[in-house]
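Per TrEMBL, these features apply:
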type: ACT_SITE; residues: 90; note: active site, nucleophile
type: ACT_SITE; residues: 178; note: active site
type: ACT_SITE; residues: 180; note: active site
type: DOMAIN; residues: 205-402; note: domain 'GMPS ATP-PPase'
type: BINDING; residues: 232, 233, 234, 235, 236, 237, 238; note: ATP binding site
Ligand code: XMP
């Protein structure tokens, strides 16, 4: 796709002021679902700095505090006086009320959960076209009893006389409920009314426009220099690499370290399908022997991780040194591409400095003392947006919708020593489970489904007329939002039965299939 310069200027931005992270991220996502670009900023950011970002609208998020609590976050009045449309939600609504001269009381009561909202002003910009009675999600103690002067009250509940207000002229809006959660039936509509009507924005932030903007930004950053990118086979590095390739073509070289701990077909997916889809210049390093030799005799999970991490860095550094040595001297390799995502940026303070590299998620990742400038084209994106960009770039579905897979790979799914034979067994069993889950259409319902080989356990079985003494495998299907917590997936029995029958028939040495029915916590997702 050619990049159109008029489409590559920065998108119209809505700032989401964060008074409580869990709410702010969700609001930012909902705004983006309305195809308007949003960015989260801390409530401690000075108003002048917020306004210098030239936001087209500002949303004040909910938060856990009472506006009257000591040390409760506040907001400079200037935010309401800059002529920028503002929507206050929950805490942000109450803050707006008190800052602009309205009244918020501590009622002693609390509204929490599903609540009936009565829209009291039919001409409300926010509620137009939605029913007079609607279900919303509430979570607050204090309640607004009087709107600021010049504001019309647009909704109420049994407990709260002023559950929403607006000042159409000043483009200031407030709602007590949480429109960002699914339980608020018309929440998305109310949010979109604010964006499109209140702030006059249009739904123009699309995956195509993200690609255009990033391609322009990468070109501007990298110029004629060269970049390298480590491919792990995962979604993030694949999409980051594909974007950079789109921007600078052969100035990018990707490195894929095959540590021999990948699942069946995954190395080929990178080597063939990914290269075919992107035209990327790829250096594959077959280091399986080296990793498996280094893991010989090791059963302790943390030691396995350390060894795999150490070997990975050594192999990657060698490959990188080769690429640097082969590069023409006037085109130095100065950039390293990383698939850092927006939640990591927000959670690490949202700074613009070096990427915050989480050690846990970069075992099998990169050394920290690399002398490269980082290129992070996914820094502004949530995971689902990364997948959409991947689709837009024409990456194969198998890569775009790949389940999370740990850097140390199958190395931490063999309980016991890692050997070539055990890896082969596990690879087969895992491939069967994946095939059957895909065939049953369950891929998008499951977060991930590790298959674990209990290599140090044997049990007696019977196959044909013969007694066997084989190993069990464990199926660990989980559903999750973010891998921090997870529940075991209630897979249909017939799917479980097919997986079990096929694995015990087709994988010699495995004579039992078990199901892990533990949530996280207390269990982790992986067994090691
Ligand atoms: P746990 O097992 O801690 O896993 O519940 C949470 C998520 O992280 C993945 N995981 C890893 N990813 N290196 C990684 O890159 C690792 O060492 C590692 N250990 C676990 C796991 O697959 C799950 O998605």
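Quick reminder: no glycine exception, Cβ is built from N, Cα and C everywhere.
Closest to residue 90 (active site, nucleophile) by Cα-Cα distance, out of the recorded positions 178, 232, 235, 238, is 178.
Taking the Cα atom of each, residue 178 (active site) and residue 234 (ATP binding site) are about 34 angstrom apart. The number of other CB atoms found within 10 A of the CB of residue 238 (ATP binding site), across every protein chain shown, is 29.
Same-chain residues with CB within 8 A of the center of the 232, 233, 234, 235, 236, 237, 238 CB atoms, the ATP site residues themselves not counted, are 231, 239, 339, 399, 402. Annotation for residue 236 (ATP binding site): spatial neighbours 339, 340, 341, 378, 386, criterion Cβ-Cβ under 8 Å with sequence separation of six or more.
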